[in-house]
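Now, the feature entries from Swiss-Prot:
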type	residues	note
BINDING	G56, E57, S58, G59, C60, G61, K62, S63	ATP binding site
DOMAIN	23-264	domain 'ABC transporter'
Amino acid sequence: MTVSNNKELLLEVNHLGVSFKIKNDKSLFFAKPQTLKAVKDVSFKLYAGETLGVVGESGCGKSTLARAIIGLVEASEGEILWLGKHLRKQSAKQWKETRKDIQMIFQDPLASLNPRMNIGEIIAEPLKIYQPHLSAAEVKEKVQAMMLKVGLLPNLINRYPHEFSGGQCQRIGIARALIIEPKMIICDEPVSALDVSIQAQVVNLLKSLQKEMGLSLIFIAHDLAVVKHISDRVLVMYLGNAMELGSDVEVYNDTKHPYTKALMSAVPIPDPKLERNKSIELLEGDLPSPINPPSGCVFRTRCLKADENCAKQKPPFTSQNNSHFVACLKVL
């Protein structure tokens, strides 16, 4: 996959696949376990200081993709290269060093925090792992400085997670991820569990911290309006497959794939006149089973443009300009 960019290439994902074995019903004692392919043949690149938005319906493989990149689930095929090094070939000791540069912010802010630890201990935990030489006073100083940076008062350092709102808990999670100054943050739907008014605050905080610290972000969400606000490039996924990938301008203003068009039509427009006159593309049917996906194009069972060729051939993920990639026979 070719994308012209003068910035440093941090992450390269090539033909990544993640599969899980699914146990059959207990009555079928001799039946072989089925295979669920959560991520199939996904490729993209991430450059220094860039934000890649990953969007799609629930169950499309967004979070599994993120967890495979950081090593929380094992990839079954493909390559994950971090600064040119193959992550899948790394030992546990090498992974520990890599995770200094790659941190993650989780979807449920309260569930991701240890209820038995105060927030000072939570934020300081990465420092104790990666910088054990620091004194208690130095750790406290760094923690309080990071709390200020994410919008938390330092005098709250001894309080516990249950004493904070959802938005504040997410700020604690952000502080914990940033305390060791990583190069990349994977944000797994960081605002989906928050009120709309708080979502904008957290997204703007991430943008501000990205600019200040030179971070690269993988921002996973199902809200295309939020993704547009923060992303430089956008990857659209469906049933574990990459459907479309391009810059935010290309994906939002020159949408190619029928699935992306359907997602875009569901995004509300603040202008009442435009909202009243816009066309809505409704998807037919339900999301197919990932254990038994459709042949050919996985989206064909819900696509209004699908024909018999779509059932016979899986569309290649290709581009005409080396930046805007689409997996659709009707676009090629």
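Easy rule for this one: first residue shown is 1, then count along the chain.
The backbone N, Cα and C atoms fix where each Cβ goes, glycine too.
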Can you list, in sequence order, the residues of the same chain other than G56, E57, S58, G59, C60, G61, K62, S63 whose CB lies within 8 Å of the CB centroid of the ATP site? H222, M237
Of all the binding-site residues given, S58, S63, which residue's CB has the most CB neighbours within 10 A? S63
Listed in sequence order, the residues of the same chain lying six or more positions from E57 (ATP binding site) whose CB sits under 8 Å from its CB are H222, Y238, L287
Where does G61 (ATP binding site) sit by DSSP, helix, strand or coil? coil
